[in-house]
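A.B. asks: Here it is, the structure, as structure tokens.
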Amino acid sequence: MFLRLARAFLYALIALVPLAYLPLSLDPLEVSKQTLLVLLTFASALCWIGAMVSARAVSVRRGWLNLLPLLILVSALISASLSLGPYLSWIGTATQEYTSALSIAAYVTLFYLVANLMNVPSAQRTALFTLLVSASLAGAFGVAASLGVPVLPSADGPLGNTVGTANAFGTFLAAMAVLGNALFLVHREEDALMYRGTRGTLQHVLVIWLSAAAFATALALDFTPVWLTLLAGLLALFVFALVRAGDFGPTNRFILPFALIVASLPFLFWVDRPIPIRIPTEVTPSFPASWDIAKETVKADGALFGSGPGTFVYQYAKYRPLDVNRTAFWDTRFDRASSSALTVLVTFGLVGALVWALFLSITVTRGALEVVRGRERHAWLPAFVVIPPFFALAVSGFLYSANLTLLFLVFLLSGLVAGAVMKRPAMRSLRESPRLSLAFSLLAIFAGTVIVTGVFVASLRYAAEAAFAKAVRLDRAGGDLKDVVASLDRAASLNRANDVYYRNLSQAFLLMLASALKEASALAQAGSEDQRGYLQALTGAAVNASARATELGPENVLNWAARGALYRELVPLIGNAGEFSTKALQRAIELDPRDPKVRTELGRTYLTLAENNRALTAAEDKAVAREAQAKVESLLKQAEEQFLAASALKEDYAPAQYQLALVLERQGRLPEAVAKMETVAKQNPLDVGVAFQLGLLYMRRGDTLDVDRAQAAFSQAVALSPSYSNARWFLASIHEQKKEIDKAIEQVAKVLEYDPGNELVKARLERLRAGKALSTPPPPLEETPTATSVPEGQPVAP
């Protein structure tokens, strides 16, 4: 009974992982898949141990292949223990669940379960049939979605497929098409790997469907790694067929895999994509950029065991190429390299990369040797079917990144290979060894405890994810801020190890504080003791939540940037808030030295401190006034340095240039700055950033002809970069000053096209259409402050 139950859990896992999604959370795929993987593998392991205890005998397949997954697990545990992001590495979040130590422990458990419980033909047949059905349904859902049929609704919009990104979906279908073709090619009536009768016919239909879906998806994607994954698996299949040519005889079963190869080659090398389907483009760092990040990480942050599972995003922030700031992805925090191999090298180090390479290569080699040397058909048949798709996935690991579904498939197939090649079990009777019997009984109790604890923890984690998702959706729908805070507080209470929840909670408390201060006018005029106590409580809650976020995620630049911004807003309320803000933002710059945003934030802190000290320059005590003036000048100089540094990192970064103009104005250096920028503009007539900054300086100076000069500069910036929203934003201000309302509306409407969800732009457009013009320019377009922000790598609407 225990063995049947253990296999039933595995069959359920095979059926559900490719299809699983939970629309309650922001990420409907990886969290639900990881939970299923952990609970069902551990439940199956518990039943397997129970079966051995019940039979009073231990039986485990023995062979060198058993060592490889264990080495992967050990290297992952060491890497996680040394990780820069503990929760990210041990559990995983923000689509990094697939590479966490918890997931790897489940993969390894799956390997041993499959190798020992599915080493008989009947179990292999059921497992392969279940996998074909599940993959076919996943393929049907994905193809339907690409044709515009929303089969899988979620809270944030239709789900594209149940595997992951479009490219991951294509890779999965390519591997499954190879598996199906291997079964189709090698099957005979007397074989046990495919059913007879109705289910056998269904299997043949599923193989044809998977082949067609994989080919159509590859055509739609036109993504070279997907084509190469498909071709690598099919070529491996043909090599095996040549080796075992004597076992086939005359057959027309080669037609399907041969047709796939012949049809794929032209589209790989010569023919462009013929299917006009709009599929979201997946962007990852280039191979040279990924390789440079890997080299820097190995050199500086952990040669042997890397930065920790799931922490590529931290290394990308430290070592990303400066050229990225000239692209539309300058503010994107990539959470993986261009390929799984480079991601493993960065996050698991040289030891981890070596262990993974050994696992893949030895598994392929051992399976291939079984195909070549096997004498009896039933001995080499499983390896013949499983090695080609496993090889295809191994090739894809060097060309493309992975996710939980793909790694699940890797360990499932490797377990089937191990079960086929490790033929002799090591057996030990528990009756003869009371100590071993006691050990296994204790192991069963421990496994049961793990299962119960896992169910409880998984339930809490799901509840936390659901609460966080509710907060984000409320915030984006313009819901009541108190409701947003309540949901964030619930998420943080249910899962106290996730820094993302505390960072967002801190931001929400800050917005509540700003709203309360606005109502009360100022803390000193806050009225009753209750009001003052309420404001102090909000301040303390925001500070504590921010501190907790940096404590949980000390290497996450977003936590330090949020903490620095928080303390800057508290400068008028807390005496040493400026010092705390400066230190937090300096730490953020250390973690992400090429981000212009954090340098601009630090400059804004210096500017805020300068303004906060300006009142003392009018003090009656001359010594105090001189000291205050010197301090203001020093702070303005430091602010200028940071804004210049931010502009050097990204020449067209409008907030830095706008703040720089404010500093120059306060320093009385606008004429000097305008003259210098005019010289730079003449030397660089095609530089959009220079044209924009010159326009800002003209606006700040405000001489008689400066309005026309600013208009010319902004118009030049728009001509050089039509999608430069801030250039159009300030060009509209010039038109407002000239009472050219229609032209201002035209520019703001264009900005709204580029950023349709921006409430500030919508409000300005409504005001202009009502005929209301302002004489003073607005601040530049930036991200609107919100109570929540989605963590890096985690899609809101897949």
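Glycine is no exception: its Cβ is also placed from the backbone N, Cα and C atoms.
Automated prediction, rather than curation, is the source of TrEMBL annotations.
Reproduced below are the annotations present in TrEMBL:
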- 5-24: transmembrane segment (TRANSMEM)
- 36-55: transmembrane segment (TRANSMEM)
- 67-92: transmembrane segment (TRANSMEM)
- 98-115: transmembrane segment (TRANSMEM)
- 127-149: transmembrane segment (TRANSMEM)
- 169-188: transmembrane segment (TRANSMEM)
- 200-220: transmembrane segment (TRANSMEM)
- 226-243: transmembrane segment (TRANSMEM)
- 255-271: transmembrane segment (TRANSMEM)
- 340-359: transmembrane segment (TRANSMEM)
- 406-426: transmembrane segment (TRANSMEM)
- 438-460: transmembrane segment (TRANSMEM)
- 725-758: repeat 'TPR' (REPEAT)
- 771-798: region 'Disordered' (REGION)
A.B. asks: If I count Cβ-Cβ pairs under 8 A between the transmembrane segment (200-220) and each of 67-92, 127-149, 255-271, 406-426, which range comes out on top?
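C.D. replies: Comparing 67-92, 127-149, 255-271, 406-426: 127-149 has the most Cβ pairs near the transmembrane segment (200-220).
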A.B. asks: Quick check for me: are there 3+ Cβ pairs below 8 Å between the transmembrane segment (255-271) and the transmembrane segment (169-188), leaving out pairs under 6 residues apart?
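C.D. replies: Yes; at least 3 Cβ pairs under 8 Å.
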A.B. asks: Tally of helix, strand and coil residues over the repeat 'TPR' (725-758) according to DSSP?
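C.D. replies: The counts are 27 helix, 0 strand, 7 coil.
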A.B. asks: Taking contact to mean three or more C-beta pairs under 8 angstroms, with sequence separation of 6 or more, is the transmembrane segment (36-55) in contact with the transmembrane segment (5-24)?
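C.D. replies: In this chain the transmembrane segment (36-55) contacts the transmembrane segment (5-24) - 3 or more Cβ pairs sit under 8 Å.
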A.B. asks: Among the recorded stretches 98-115, 169-188, 406-426, which has the greatest number of Cβ pairs closer than 8 Å to the transmembrane segment (226-243)?
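C.D. replies: Of the candidates 98-115, 169-188, 406-426, 169-188 scores highest.
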A.B. asks: Three or more CB pairs closer than 8 Å, sequence separation of 6 or more: does that hold for the transmembrane segment (67-92) against the transmembrane segment (5-24)?
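C.D. replies: Contact between the transmembrane segment (5-24) and the transmembrane segment (67-92): absent, because fewer than 3 Cβ pairs are under 8 Å.
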A.B. asks: Pairs of Cβ atoms less than 8 Å apart decide it: which stretch in 5-24, 98-115, 169-188, 438-460 has the most with the transmembrane segment (406-426)?
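C.D. replies: Out of the listed stretches, 98-115 contacts the transmembrane segment (406-426) most.
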A.B. asks: Considering only Cβ pairs under 8 Å, which range in 5-24, 169-188, 438-460 makes the most contacts with the transmembrane segment (98-115)?
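C.D. replies: Going through each listed stretch, the top one turns out to be 5-24.
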A.B. asks: Going along the chain, which residues at least six beyond the ends of the transmembrane segment (169-188) come within the CB cut-off of under 8 Å?
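C.D. replies: That would be 18, 128, 131-132, 135, 138-139, 142, 160-161, 163, 194, 203-204, 206-207, 210-211, 213-215, 217-218, 221, 223, 225-226, 229-230, 233-234, 236-237, 241, 248, 253-254, 256-257, 260, 381, 384-386, 388-389, 392-393, 396, 400, 405-406, 409, 413.
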A.B. asks: How about long-range neighbours of the transmembrane segment (5-24): same chain, 6 or more residues beyond its ends, C-beta under 8 Å?
C.D. replies: 31-33, 36-37, 40-41, 43-45, 47-48, 51, 110, 113-114, 117-118, 123, 126-127, 130-131, 133-135, 137-138, 141, 152-155, 159, 162-163, 172, 404-405, 408, 412, 462, 465-466, 469
